[in-house]
Amino acid sequence: MASKGILKKQPSRIPSSAGKPPLVPPPPPPTVVFGRRTDSGRFISYSRDDLDSEISSVDMDYHVHIPMTPDHDPPMDDMDPHKQEDQYTGSIFTGGFNSATRAHVMTDSRGSGGHVQMSNAGSTCMLPGCDGKVPRNNRGEDIVPCDCDFKICIDCFNDSVKSEGATCPGCKEMYKNISWEDVVSASNEAKALSLPSTMGPGKLDRHLSLVKQSNHNQSGEFDHNRWLFETKGTYGYGNAIWTDENGEDDNGNIPTGHPKELVAKPWRPLTRKLKVPAGVISPYRLLVFVRIVVLALFLMWRIKHVNEDAIWLWFMSVICELWFAFSWLLDQLPKLCPVNRATDLSVLKEKFETPRPNNPTGKSDLPGLDVFVSTADPEKEPVLVTANTILSILAADYPVEKLACYVSDDGGALLTFEAMAEAASFAQLWVPFCKKHNIEPRNPESYFNQKRDPFKNKVKSDFVKDRRRIKREYDEYKVRINGLPDAIRRRSDAYHAREEIQAMNQQREKAKAGGDEIIEPIKIPKATWMADGTHWPGTWLQPSQDHSRGDHAGIIQVMLKPPADMPIYGGGEKSPIDFHDIDIRLPMLVYMSREKRPGYDHNKKAGAMNALVRASAILSNGPFILNLDCDHYVYNSLAFREGLCFMMDRGGDRLCYVQFPQRFEGIDPSDRYANHNTVFFDVNMRALDGLQGPVYVGTGCLFRRIALYGFDPPRSKDRSSGLFSCCIPRRRKGSASANSEETTALRMGDFDSDDMNLASFPKKFGNSSFLIDSIPVAEFQGRPLADHPSVKNGRPPGALTVPREMLDASIVAEAISVISCWYEEKTEWGTRVGWIYGSVTEDVVTGYRMHNRGWKSVYCVTSRDAFRGTAPINLTDRLHQVLRWATGSVEIFFSRNNAFLASSKMKILQRIAYLNVGIYPFTSIFLIVYCFLPALSLFSGQFIVQTLNITFLVYLLIITVTLMLLALLEIKWSGIALEEWWRNEQFWLIGGTSAHLAAVVQGLLKVVAGIEISFTLTSKSATDDEEDEYAELYEVKWTSLMIPPLVIIMINLVAIAVGFSRTIYSTIPQWSKLLGGVFFAFWVLAHLYPFAKGLMGRRGRTPTIVYVWSGLVAITISLLWIAIKPPSLQASNQVGGSFTFP
């Protein structure tokens, strides 16, 4: 292999410091790969010492090719860490199944004057007249030889040692180290606490952003704070209390383990539970009980009193009413325990970002947070919307060194890639501008388009100038992004023409050399070219082999490298805005497109999210994950902190996720089709928060990474509850009752004797040792602070204040391997680990699995909306969206995720809520029948009851009044408006008679006939009509889903006319039956009014096909009715019989 320029190092138990592998000079042209065999059996490039691991697997060739360029040398084991950074910050990493992993070195079209995180230049020497660069250590920090932090380059340091008596030019104190090598080694000696584990020394050193322990700080002095947590001492108000080795105090008593100072310390929680006032919730529960009793009595009365004149009408109505009562009960019971919650951000800052004895500098002790943004099609999901979402994340109010943003482009489009590069460039100005002037919201499009006064509460004198400049920069940024499709197309055409000319010239030369006169035409695949003149490894504009939407290599590009540990303040001459006192660091930004190959089931969005989980575990390994759709941006910059308040509070280690409500922009003021969905997000979700937690709704959700890995919650052994645990006291059991594959998760050890079994992890998580080693690290870093005796399973304060480990090419190469299409084979990804496969509503199934293991979730409603997105306001798009949700619910009902099969760890009311999720689409069958009953009643002259007696009317009145009172009380404790509640009721019937029915049919076809379900991606784009932002609302796009509700409208209108005519011209008019039928017909038409209004369009125009189909169906039903019951000659003499026109 040496002849090919590839150096391989076999796994060895000998420490890497024992020696270095021999170097073989590469032959020209130089393509050198320095690699070793990883524990997962692949050869990858490594620029650092070999790392040991306990797990190995099959051997596969796995290389990282890093071509040499004049400013990019081959990596060496002793390479400067900043040269190691060059390997990934300026390269696109690609690879996959049966293909080499390559690092494509890219030229920076932005020049060398970019952001500090987009270039690798260090700080400038502080001596006047010197523009030398200050070297940095292996953590990306500037190497400073003096404690005064005076930055000096190597040449100036050597001059000061020789000529100035080794004194610092800044503070005039003597240097502690007069040799530069000693200064570098002292700078690299900064250590931190290691993870408490019994897995052996050195196993987690390379992934834990906490490195080995040391009781001495950088200056060599004794570090009392570390000694405090490394010994058996405990902490109080700055005091250390030492316990004897035998665990007894001076009096021979066994201590409790908590000093009096600690117990007496005032402790403030991060969150509070605000119960609904008793004056509201008690009448609400009483009305629910009353309505249940009245419904039971009414149904019993209906069953006993048969309508002998129209048994078929009576039978259909009773069946429908029984189902409606059952469906209402499933929906109502989980609403009995609503709660509200509040967070205290001041306490969060005090605990995690305030100087304390264990954190003297006040550096942030918050855990890492990885934000996932998923997109699939740049045509349906505009790249400008996605790029602005990225900008809002980068500008969020969270420690920049703890935040990482990952963009998953499941379409592998160059347009998305270059748009993300433009966003990373514009973020250099936008993010510091938001920090300087406290901008809200931090999505530039939303900020500049808001209608309120932008100068309100702004006091800095340069705000107007800065805003004007940033607005101009944003306009130019929008123009560049809008021009990207044409630029990519023109660039690709130019390069393709050059390739064709070169190929033609080569063919002519060969023809001349061989004497051939006939030249065959050359067909060269038309590639898509990047700006640096190389082929785009993803999807091409004209799909070709290995470059189509379902067939391309995996791609990873670190667009913004991990920031430095210390703040970097702006104020340079090149900056158009004054940022002299603003930290200009940016969070890490990574573009990723997982590998796709024909013959593999890539599992749509769920597969993309699982690829993000694995890649992020290797690159940043934040213990918490926030996932957002590409059109959901951060509207509240403090939202991340509010979500972390729940996770880091006492008992927060048992929370699997924090769900935020979805809020939407661009909805018409009347909200014709209930796009805001406030009844679900403000009523149902608040109610579920009082049980085991809200369901996961696909976006705006903060996850605990360890819960996504399929682990049980901590202390699950003493939390296993019975079926009716919410109604009766819980019984202690020695073991969980559910041990099946679906209900038994991986164990998470709470104590040293219950450590995770790493030997079984390759079968569950795959063969990546990097990924496996990161699991216990994420679990430890996600624990709440152990700052109170009641906090169980906590971590010591100050443990996460150490710098993050730097990335290198080997780590990025490992990330490429875990996003390949073959990685999930024979693992539990998608079945018990990560997002669950097998449903188009993978979000609900994933949340259900976590609740089924005993995890809890909470609902975080912030005073200012946390996130905002877009929703389809067009009727057709809205119906297709509801169809997708209902289809997923039908799939859940017919799968093993049915709540009937839930474990005993799930509470009974939570089980009922999940059961309703799978059952509600089937209500459409009974709803369709019930909507036709008024028309059938008017056509036949009969009613669902034989006579409208007082008993029936009293029951009907009580049921209606209790429903209205319940609605008013729900409005009271949830805060929604009455109009929103009514819009939800209207669209419930519209969706139930259209999309839900189609979902049931599709679900049955899939279960019975095996026909796969396909759904349409919801469009995120807005209308092009600049004169009316709601022009899309009036656009009529025909779909077959419109047929059932349209037929219902026409049949009921015809039936009303027929009923009035029959009654008027009847010998003995039956006004009671007419009023009953007309009342229910108007009830149906009132609910379908938004649907009918949507069909009229802006100017009352409706597609002709609508009338054609509706007329044909109406005529067919009329003829069928005449065939079933033909009119007789004596009909006119019968009471309420048929009629003839005079």
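The backbone N, Cα and C atoms fix where each Cβ goes, glycine too.
Positions annotated as region 'Disordered' by TrEMBL: 1-38.
Marked as compositional bias 'Basic residues' by TrEMBL: 1-11.
The compositional bias 'Pro residues' feature in TrEMBL is assigned to 22-31.
Sequence-distant contacts of the transmembrane segment (278-299) (same chain, six or more residues past either end, CB-CB distance under 8 Å): 318, 321-322, 325, 328-329, 332, 335-336, 338, 955, 958-959, 962-963, 965-966, 969-970, 972-973. Summarising the annotation, TrEMBL assigns transmembrane segment to 278-299 (among others).
According to TrEMBL, the transmembrane segment annotation covers 311-330 (among others). When Cβ-Cβ distances below 8 Å are used as the criterion, the transmembrane segment (311-330) is approached by residues 292, 295, 299, 302-303, 912, 915-916, 919-920, 923, 926-927, 929-930, 933, 936-937, 940, 942-945 of the same chain, each at least six residues removed from its ends.
The annotation UDP-alpha-D-glucose binding site is assigned in TrEMBL to Ser374, Lys380, Glu381, Asp410, Lys604. Residues near Lys604 (UDP-alpha-D-glucose binding site) in space but far in sequence (CB under 8 A, at least 6 apart, same chain), listed by position: Val840, Glu842.
Annotation comment: TrEMBL describes Asp410 (among others) as active site. Its Cβ taken as reference, Asp410 (UDP-alpha-D-glucose binding site) is surrounded by 22 other Cβ atoms within 10 Å in the chains shown.
TrEMBL lists Lys605, Asp629 with the feature Mn(2+) binding site.
Here TrEMBL flags Asp843 (among others) as active site.
For 913-936 (among others), the entry in TrEMBL reads transmembrane segment.
The feature transmembrane segment is assigned by TrEMBL to 948-969 (among others).
Positions annotated as transmembrane segment by TrEMBL: 1046-1065 (among others).
Panel annotation: around the transmembrane segment (1071-1092), residues 672-673, 875, 931, 933-935, 937-938, 941-945, 947-948, 983, 985-990, 993, 1042, 1045-1046, 1048-1049, 1052-1053, 1055-1056, 1059-1060, 1062-1063, 1136 of the same chain, lying at least six beyond its termini, place a Cβ under 8 Å from a Cβ of the stretch. Here TrEMBL flags 1071-1092 (among others) as transmembrane segment.
Annotated transmembrane segment per TrEMBL: 1104-1124 (among others), in sequence order.
Ser374 (UDP-alpha-D-glucose binding site) sits 6 Å from Asp629 (Mn(2+) binding site), counting Cα to Cα.
The binding residues for UDP-alpha-D-glucose are recorded as Ser374, Lys380, Glu381, Asp410, Lys604; their greatest pairwise CA distance is 16 Å. When the CA atoms are compared, the binding-site residues lying within 10 A of Lys605 (Mn(2+) binding site) are Asp410, out of the candidates Lys380, Glu381, Asp410.
Comparing Asp629 (Mn(2+) binding site) with Asp410 (UDP-alpha-D-glucose binding site), their Cα atoms are 13 Å apart once rounded. When each of the binding-site residues Lys380, Lys605 is scored by how many other Cβ atoms sit within 10 Å of its Cβ, Lys380 comes out lowest. In this structure the alpha carbons, written CA, of Asp410 (UDP-alpha-D-glucose binding site) and Asp843 (active site) are 17 Å apart. Ranking the recorded positions Glu381, Asp629, Asp843 by other CB atoms within 10 A of the CB puts Glu381 at the bottom. For the pair Asp843 (active site) and Lys380 (UDP-alpha-D-glucose binding site), the Cα-Cα distance reads 21 Å.
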